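Undergrad: Below is the structure I would like to discuss, written out as structure tokens.
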Amino acid sequence: MSILIKNGYVIYGDSLKIIKADIYIENNKISKIGKDLTKSADHVIDAKGRVISPGFINAHTHSPMVLLRGLADDISLMEWLQNYVWPVEKKLKRVHIYWGALLGTLEMIKTGTTTFVDMYFHMEEVAKAVEEIGLRAYLSYGMVDLGDEEKRSIEIRETLKLLKFIESLSSPRVEFLFGPHAPYTCSPKLLTWVREKADETGKMITIHLSETKDEVKQIKEKYGKTPVELLDELGFLKNDVIAAHGVWLTDKEIEILAKRDVTIVHNPASNMKLGSGVMSLEKLLKAGVNVALGTDGAASNNNLDMIEEMKLAALLHKVHTLNPTLADAKTVFKMATQNGAKALRLNAGVIKEGALADVIVIDFNKPHLRPITNIISHIVYSANGNDVETTIVDGKVVMLDREVLTIDEEKILDKVQKIVDKLR
């Protein structure tokens, strides 16, 4: 399989330099970048007036939660979870998760996400959906034991079942992570088991961390230390840990995270919508912490549009700190691409020869994206997910001219509507 994308503005390399060039993709890698390439290809895409960008990496989400979109808004996190989300989740069966994951991944493809990190339950169904639709995903089962030994055994069994299932797929696009939910829902015994198993298998870990004031207070009261201090004492924190949120971190905790080379995933829309707080982005970046970007689940966002997430991240920190230079367009663009790839040890998030061909084409032939001048600025501050025209994952075209080629979009929309009408 080969693809030639011609006549586009290319966001090139780690520095995000804009060049006018063609891109030749062979198998699943970017093979050649240059002007007026004459190579023959199975697919030729004319990108005149368009921008060729690395695909976005959504480093924290819960894809099947699109089923809960609009279920409950404008309330606190704990009320939202206890009174709305958890009661509906108890009704969700495997078939619901499968169709929810198809809708979530469909939305991601149509808004330019090529890789995502997911945590939920019945994750074998998510893996099936991902394999079918053609995205790249890192999937985890959200483990919660609340200190109960019997529950812990069940969670361990579910996690190992998912690991075995994903390995049986032998897919280059579907990978397993360990997913202990959070320090306040997982016992030290479970967290220690995860750490040991991650070391043994070489698999990565994703976890929620210090999303709200309340959970930090709970940990302090129970253990006499902060969440990061607790995890560090357990030997949990290493460079294979991807921690979502990191809103309520002390300076000491930031220092520990930097020392352990942990990635923090910023979820500005969710943090703002649930009134959770504002992460200390400036301090994290100054300390050298790798900060990636995520949407969180659609129930608390309420979409999976990484372009919108970049804009929110950029604007939030400017107004919160009264510093217009903070979270500039290039910084948040890298959070949505290169930093996510770094967290996942993935040869993607950048357009250069030899990188994985996870590439999107953004249509700039639109009033809100003209004149074509500062392209990164336009993507962050002016564009939206609907401007993504073509999505390529692992060297395969999964969306061309806004048409998703791998599945029947209308069928997914109809099926999910029927499911949700019955569930609610």
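Here, residue 1 is simply the first one shown, and the rest follow in order.
Cβ from N, Cα, C; glycine included.
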Undergrad: Looking at Swiss-Prot, which one out of Asp296, Asp305, Asp328, Asp358 binds Zn(2+) in the same site as His60, His62, His208?
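TA: Candidate listed by Swiss-Prot for the same site: Asp296.
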Undergrad: Which one, Glu150, Glu158, Glu211, is listed by Swiss-Prot in the same substrate site as Glu89, His181, Asp296?
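TA: So, going by the record in Swiss-Prot, that would be Glu211.
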Undergrad: Among the binding-site residues Glu89, Glu211, Asp296, which residue has its Cβ surrounded by the fewest other Cβ atoms within 10 Å?
TA: Glu89
Undergrad: So how far apart do the substrate binders Glu89, His181, Glu211, Asp296 get, largest Cα to Cα in Å?
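TA: Largest Cα to Cα distance for the substrate-binding set is 21 Å.
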Undergrad: Tell me the Cα distance separating Glu89 (substrate binding site) from His62 (Zn(2+) binding site), rounded to the nearest angstrom.
TA: 12
Undergrad: Just the number: how many Å between the Cα atoms of His208 (Zn(2+) binding site) and His181 (substrate binding site)?
TA: 6
Undergrad: How long is the line from the C-alpha of Glu211 (substrate binding site) to the C-alpha of Asp296 (Zn(2+) binding site), rounded to the nearest angstrom?
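TA: That separation, Cα to Cα, works out to 12 Å.
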Undergrad: Give me the count of other Cβ atoms within 10 A of the Cβ belonging to His181 (substrate binding site).
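TA: Within a 10 Å radius of the Cβ of His181 (substrate binding site) lie 20 other Cβ atoms.
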